[in-house]
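This report refers to the structure that appears directly beneath it.
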Amino acid sequence: MASLIYRQLLTNSYTVNLSDEIQEIGSTKTQNTTINPGPFAQTGYAPVNWGPGETNDSTTIEPVLDGPYQPTSFNPPVGYWMLLSPTTAGVIVEGTNNTDRWLATILIEPNVTSQQRTYTIFGVQEQITIENTSQTQWRFVDVSKTTQNGSYSQYGPLLSTPKLYAVMKYGGRIHTYSGQTPNATTGYYSATNYDSVNMTTFCDFYIIPRSEESKCTEYINNGLPPIQNTRNIVPLALSARNVIPLKAQSNEDIVVSKTSLWKEMQYNRDITIRFKFANSIVKSGGLGYKWSEISFKPANYQYTYMRDGEEVTAHTTCSVNGMNDFSFNGGSLPTDFVISRYEVIKENSYVYIDYWDDSQAFRNMVYVRSLAANLNSVTCAGGDYNFALPVGQWPYMTGGAVSLHSAGVTLSTQFTDFVSLNSLRFRFRLAVEEPSFAIMRTRVSGLYGLPAANPNNGREYYEIAGRFSLISLVPSNDNYQTPIANSVTVRQDLERQLGELREEFNALSQEIAMSQLIDLALLPLDMFSMFSGIKSTIDAAKSIATNVMKKFKRSSLASSVSTLTDSLSDAASSVSRGSSIRSVGSSVSAWTDVSIQITDVSSSVSSISTQTSTISRRLRLKEMATQTEGMNFDDISAAVLKTKIDKSIQISPTTLPDIVTEASEKFIPNRAYRVINNDEVFEAGTDGRFFAYRVDTFEEIPFDVQKFADLVTDSPVISAIIDFKTLKNLNDNYGIGKQQAFNLLRSDPRVLREFINQNNPIIRNRIEQLIMQCRL
C-alpha cells in the first residue's frame, strides 16, 4: 500500500550510505569544555541573558537597573524610581519638602506583636507603635506628618517577601508601593514643591526610569535579578553615576573570522531612529456631518544625522499592528455627527520601525547571526483635530499618549519607490500615558491610547537613540556584493522555495485522476520509488531518503508514535474501565497527547464529542499498528503526494524533506475512523462528530463511549474513506445491499474502483473532497 512510505519513515527501514552516517555523526558531535572563571567570578549567581557576546556600552542607552548605590542624602530626579534594598529592620528612607510633608518608611521584620519602638526620624527620636502579624513576610510602613511638630500617622503597608521598596517623585506626588507581594501596586501622597523633596536613604538603592515602571513592579513583587544584570557588582557612591567612563568605540567593524572568499564581520553601531506616523481621514458622503474612517497607515521618513563625525543617511518605515477600533454615533439624523471607525493604539498594540542607513553594516545584510539591540523609550503624544461641520460648533479630538518600549529586533526588507532595502525591524510594545484623549463637545472623554487623528501633534518626527550589534557573513573582498535572491536569510531562501512549492502542490490537486489515484494507492510504494520523479539514480535516492528521515523524525507524528507504541493497548483498556462519561474523560490521559500541537483535553470533558475527537486522533496510530486489507487515509495521502511530486516542476532534494513531513501532518486533516461490531458500526471523526448506526438500515443508534473504547482496544480500526454521511446519501439515492455496504465500510479498494469507474457522483465527490484536503 502507498502508506508504506510513512511506515518506512517511522521504522527507519531503509538503507543509507556510510558516508551519510559519518557526516551526521560529525555534525552532531558534542565536546566537553572546562572553563576557569577566575577569581572575580560571581559563582553564586547563574547567568540569565544569553546574548551575542560582547557589545560595547554606550552613553546613549539609559540602563534599566542603575546601581546599586551606597546610602546617601540627595534630591532624586523627577520621574525615576528609587528602588530600596534594605538588609535589616528600621528606618530605610526619609524625605521632606520642609513645608507640608515629612515622610519616612520603616521596615518591620516578620512575626512582631503590637509594641512601641523608638526610631530616629529626621534627627528626632520618635515613639511609633508597630506590628507585623505575618510569619514569613517583611512589612514596610510609611509614617507621615504635615507639620514639623505634628505626630506621625501610618499609611500604605506593604507586605513583602523580596524585602524591596520603591519611591518616586512625579506629577506633583510622591509615589510608593502598597499591598502584598506578588500583587503589590503603586499609591501616592500629594506634596507641594515635590520636585525639591530631598531623600535620605539608609540602605543600598537602585535607580529605575519611570518608563520601566513595569520592571520596577516586577522587582518589587518577585525580587532582583542575578547580579550580572545590574550595572555595578558592588554598591558605589552616588557620585560615580556622574562620572563619564572611557568607553570603547561604539561604532566599529570587527573581523570575527576570515577565509579566502568569506569573512564574518561584527558591526557595532550607535543609531538615531527618527520616525513619524501617517494617517488616513476619510469623510462620508452626504451633508458633511459624518466621517467613515480615521486610520493609521505606514509612513516613510528619510533623514541625515552625524555619527562619529560622519554624516549618515537613514531611512525608516513606521507601521502599527493591533489597532483598536472605536466609533462615535451622535444619532441617526443626516445632521448628526458620526465617526464610523477611528483607530487607537494602546497597550495591546505594537509599533514596527524598519531602519536602514548607508553604512557598511547594511551593505551585505544577507546572512546574519547574533543580532542584538538596545533602544531608549519615547513618548508619543497626540494633538488636536477639528471636525469641520457645515453648521454649529465643531467637535475636536484632543489628547492621548503612549510610550514606546523596545521589544525586539529582526531582519526585514523595506520597499521604497525605487529599491528594496535589507534593513532592521525594531519592534516596540506600548504603554498608555497621560493625558487621556477626548472628543470635545461630545460625551467621549477619559479614554486612553493614541488616536490616529493627529498622532504627530505637529512634530516633524519622533526620535529614539540606541545601538545594535550583528555578525554578518560577507565576501572577503569588500568590493563584492553578497549574492541575494530576494531574500534576507538563508532560511528565508528555503521558505520562499517552500512557499512557491506549496502553491504549486495545492494547484495540482485538480489534475489528479481519481481512478489512477486509487490504483496508485494500492501499490506498495517504497522510499525509492517515491523519489524516482526527482532523481533516477539509486545513490541519489538513498541520500534523499536519509535527508527525509532526518526531517521526519522530528515531526509530531513520529514523536507521538515513539511515545505511544508501548502504551496503546493499556490506554484503550484504561478508557474502557471508566464508569461514566466524566470518568472516561479523566482516564484517557494516555490517549490525549497525540502530538505537541494537541492540547490535553482531560480538563475539558464536558461532552462525548470532546472525548471521541480526542480518541480519534489516536486511531491513526492504532490503524498503523493493525494494518487491514482496506484502503486508509494515509494510502490516499501518500498516493497524492507521489502524484504531485511527479508532476511538480519545482520540487528539489532540498525542499523534499519539508514537503514529505508537512504532508504527513497536514494532508487530510478531517479524518474519520470506524470500528465494526457485528451489524453495528461506531464512527468518530477528528472534528468531534460521532455516529453509531446499523449496517443493514443505516439507522442511527445511541453512541456508547464505553463500548467504543472497548472495541478500539480489541478490533481493527478502519479509515472511514466513505463516511456515514456519504453512505446514507448513497443508500437513499441508489440503494445498496448489505454486502456492498460492508465492503464500503471496510474501504474495500476493489469496490471503490468500481464506483469510480461507473462515475457514481456521490462516491466521486467524496474522493474529490479527500484529494482537495491534501493541501499544504
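Backbone N, Cα and C atoms are what each Cβ position is placed from, and that goes for glycine too.
Marked as coiled coil by Swiss-Prot: 484-511. Among the features that Swiss-Prot reports, disulfide bond is placed at C203-C216, C318-C380, with the record citing sequence analysis. What Swiss-Prot lists as region 'Spike head' is 65-224. The region 'Spike body and stalk (antigen domain)' annotation in Swiss-Prot covers 248-479. Positions annotated as region 'Hydrophobic' by Swiss-Prot: 389-409. Positions annotated as region 'Spike foot' by Swiss-Prot, on the basis of sequence analysis: 510-776. As annotated by Swiss-Prot, site 'Binding to sialic acid' applies to R101, S190.
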Nearest recorded site to C380 (disulfide bond) by CA-CA distance, among recorded positions R101, S190, C203, C216 | C216
R101 (site 'Binding to sialic acid') and C318 (disulfide bond), Cα-Cα, nearest whole angstrom | 46
Lying 6 or more residues past either end of the region 'Hydrophobic' (389-409) yet within Cβ distance under 8 Å of it, the residues of that chain are 211-212, 287-289, 335, 337, 342, 344-347, 349-351, 371-375, 377-383, 424-442, 447-451, 453-454, 464, 466, 468
What is the interatomic distance between the Cα atoms of C203 (disulfide bond) and R101 (site 'Binding to sialic acid'), given in whole Å?
-> 22
Quick one: give me the count of other CB atoms within 10 A of the CB of C380 (disulfide bond).
-> 23
Under 8 Å by Cβ from C216 (disulfide bond), counting only residues of that chain that are 6 or more apart = W81, L83, A166, I208
For the disulfide-bonded residues C203, C318, which Cβ has the most other Cβ atoms within 10 Å, all shown protein chains included?
-> C318
For R101 (site 'Binding to sialic acid'), the number of other Cβ atoms found within 10 Å of its own Cβ = 20
List the same-chain residues at least 6 positions away in sequence whose Cβ sits under 8 Å from the Cβ of S190 (site 'Binding to sialic acid'), in sequence order, or say none.
-> G172, R173
Using DSSP, break the region 'Hydrophobic' (389-409) down into helix, strand and coil residues and give each count.
-> 0 helix, 13 strand, 8 coil
In DSSP terms, helix, strand or coil for R101 (site 'Binding to sialic acid')?
-> coil
